[in-house]
Amino acid sequence: MSPHRNGSLSVKPLQEFVLDGFQGGLQTQALLFALFLALYVVAVLGNLTMMVVITLDARLHSPMYFFLKNLSFLDLGYSSVIYPKTLTDLLSSSKVITLGGCATQFFFLSLFLTTEGFLLAAMAYDRFVAICSPLHYPISMCPSVCARLMLGCYCGGCLNSILQTSFTFSLPFCSSNHIDHFFCDVPPLLRLACADTTISELVMFGLCGLIIVGTTLVVLTSYGYITVTILRMRSGGGRHKLFSTCGSHMTAVSLFYGTLFVMYAQPGAVASMEQGKVVSIFYTLVIPMLNPLIYSLRNKDVKDALRRLGQRHTAT
């Protein structure tokens, strides 16, 4: 038997959880199902389209689009870890998830999210080299360097995911089995633990804070040098083109890091589950839906590639 936080005893550790999700009757659940389904379909189609276009169009076989294709893969990955299960739960009275299923969902969510954070920093570095050292760019960002950077992003994401999952699921969950969320995440899980969670909370805040601050510094430093370089250019058209290209990335960075900071990098995040659900919808579904639109609508090369792909399909 394991002691509960309030001093009571629980018969045995929990082996399954119930995802409480969202409050409301059948009409509310149906409305949320329709909304989430529409957003998820747009996110899937948008990210798959970006991946296919970049793969098939030889003109987009450059470091910038190599990273962008991986960004689409990660966006597709972490939204797909959550929303098929969420959509099923919205139509079902049983919202049970096993302890192993919960740990697996959390592991891959953490893996994809953390890797994307590192990737956005790598993309900022790529733009820094392309704009500030254009003559060295072919060597500095050759395919082998890009592959190593991408591998480093995944290794960093995997390491963080292993640590977060280990610290979280090594806790005894022997109180209520109802998770006040629509997927398995650290803040609601910590509230179910019947042991001291101080170390787990410090690990979560410390790792997330370190990753967010570290990658943000890389982004800000890169764009600081980029801004100075662009402002020194005499060509107004060149400045506009470069600012437009970098603007897409900065928009994606601001949305991603801003929501993750609100959710994970501040101690008050654990105490506010309702706010956490809203923020979670934004970074797990809205951002994956918006990123393909941000990069395609603001990027002439992608729009031209889409046009060429459409013409090729029409011709056949």
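In case you wondered, yes, glycine gets a Cβ from its N, Cα and C as well.
What TrEMBL says about this one:
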- 46-295: domain 'G-protein coupled receptors family 1 profile' (DOMAIN)
- 30-54: transmembrane segment (TRANSMEM)
- 66-83: transmembrane segment (TRANSMEM)
- 103-125: transmembrane segment (TRANSMEM)
- 145-163: transmembrane segment (TRANSMEM)
- 202-226: transmembrane segment (TRANSMEM)
- 247-266: transmembrane segment (TRANSMEM)
- 278-297: transmembrane segment (TRANSMEM)
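Residues 36, 40, 43-44, 46-48, 50-51, 54-55, 105, 108-109, 112-113, 115-116, 119-120, 122-123, 126, 143, 146, 150, 153, 182-183, 252, 284-285, 287-288, 291-292, 295 of the same chain, all 6+ positions outside the transmembrane segment (66-83), place their C-beta atoms under 8 angstroms from a C-beta of that stretch. Between the transmembrane segment (278-297) and the transmembrane segment (30-54), the number of CB pairs under 8 angstroms, six or more residues apart, is three or more, so the stretches are in contact. Averaged over the domain 'G-protein coupled receptors family 1 profile' (46-295), the predicted model has a pLDDT of 86. Of the candidate ranges 30-54, 103-125, 145-163, 103-125 contributes the most Cβ pairs within a distance under 8 Å of the transmembrane segment (202-226).
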